[in-house]
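The annotation NAD(+) binding site is assigned in Swiss-Prot to 76-89, 282-294. What Swiss-Prot lists as substrate binding site is Arg96, Arg106, Arg134, Asp224. Under the heading site 'Important for catalysis', Swiss-Prot lists Tyr141, Lys192, citing sequence analysis as support. What Swiss-Prot lists as Mg(2+) binding site is Asp224, Asp248, Asp252.
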Amino acid sequence: MKKRIALLPGDGIGPEVLDAAVDVLKSVAEHYQHEFEFEYGLIGGAAIDEAGAPLPEETVAACKAADAILLGAVGGPKWDQNPSELRPEKGLLAIRKQLDLFANLRPVKVFESLAGASPLKTEYIEGVDFVIVRELTGGLYFGKPSEQYVNQNGEEEAVDTLFYKKSEMERVIREAFQMAQSRKGKVTSVDKANVLESSKLWRKTAEEVAKEFPDVKLEHMLVDNAAMQLIYAPGQFDIIVTENMFGDILSDEASMLTGSLGMLPSASLSSSGLHLYEPVHGSAPDIAGQNIANPLAAILSAAMMLRTSFGLEAEAQAVEHAVDQVLRAGKRTKDLAKGSEHCTTQSITGEVKAALADDNAISNIMTAYV
């Protein structure tokens, strides 16, 4: 199989973890006889510094010419004082809008070998395996007006607008139900319908979509209760679907169930089939360039790409199994090591590649005896 992948390293540790993912993808290509072409593009602070904009047109063109997109991370204090249109995060928001990346999938799965790294007791997180489906292109982050100004009395004021079309709600909720059909068959729709008009429409829309999926159970949960339940009883969830800002907050909360943001991959899906994959963690500029960043979320994001965009289920499982084998062997990056000896970014990437090669060799031997 031949595929073109757009690579957007971004800022901070983004280039380091993306390099790790690319190294693993090259190993996959070698072991499974695929050909992956890589084209780099600028985004975020790096794009502001070099091209004067957080999302250059050349980057958008490179993405549209690709079969899938891998992103590192964007942002950092270096650009905090820039005007809003020259903030790194604007590049991420813009690419979501331009490519119509409407649904963000964030799997939350606790690796058995990492249960001790979670801040929660093992009995609370045992068997946790759910996905947060977050709407990406509407809501408070995109609604207009959104501005700061001085009123007639000389006092500073600010306004943001929470705006949604029903069609934007429908498509992401439908995506959640379709996913639930191949999992445990349960969707938890999270809103604030006791206060917000947009949430009342969200809840109504979820009820309507649910009628298309009689084999899937729908439950509604207010966002404040959902935040509590994620800590109190995370094992109850299968698919959580929610609007943009609620999903942004809840997914970061849920990420700590695994013990580190460095373990969580994500996918942003478009209606066109051109999807973007990225680790959940941020750019972590304080550790950039030190070879200590955890690349496993980026590597697992690449595995999601293999499965979702390319239909390469065996290859995706091989990467995930290699990561699991490395963790079971006790290999840890600094964020997971809790003061003990730890692996560097490059060394744990090498461990994953070695486990992938071993797994492939065993598969070849087994095939020879069939």
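From the backbone N, Cα and C atoms, a Cβ is placed for every residue, glycine too.
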| About how far apart, in whole Å, are the alpha carbons (Cα) of Ala284 (NAD(+) binding site) and Lys192 (site 'Important for catalysis')? | 32
| remark: One finds that other Cβ atoms within 10 Å of the Cβ of Ser84 (NAD(+) binding site) number exactly 10
| note | Checking the recorded positions Gly76, Asp80, Pro88, Arg134, Lys192, Ala288 against Asp248 (Mg(2+) binding site) with a 10 Å Cα-Cα cut-off, in sequence order, leaves Arg134
| task | Would you count the other C-beta atoms found within 10 angstroms of the C-beta of Tyr141 (site 'Important for catalysis') for me? | result | 18
| task | Within 10 Å of each Cβ, count the other Cβ atoms and name the one among the binding-site residues Asp80, Asp248 with the highest count. | result | Asp248
| query | Compared by Cα position, which of the recorded positions Gly76, Tyr141, Asp252, Ala288, Ile292 is the closest one to Arg106 (substrate binding site)? | reply | Asp252
| message | Roughly how many Å lie between the Cα atoms of Tyr141 (site 'Important for catalysis') and Arg96 (substrate binding site), rounded to a whole value? | response | 12
| said: Just to verify a number: CA distance, Ala288 (NAD(+) binding site) to Asp252 (Mg(2+) binding site), in angstrom, no decimals. | reply: 21
| query | In this structure, which of the binding-site residues Asp224, Asp252 has the fewest other Cβ atoms within 10 Å of its Cβ? | reply | Asp224
| What whole-number distance in angstrom separates the two most remote CA atoms of the substrate-binding residues Arg96, Arg106, Arg134, Asp224? | 27
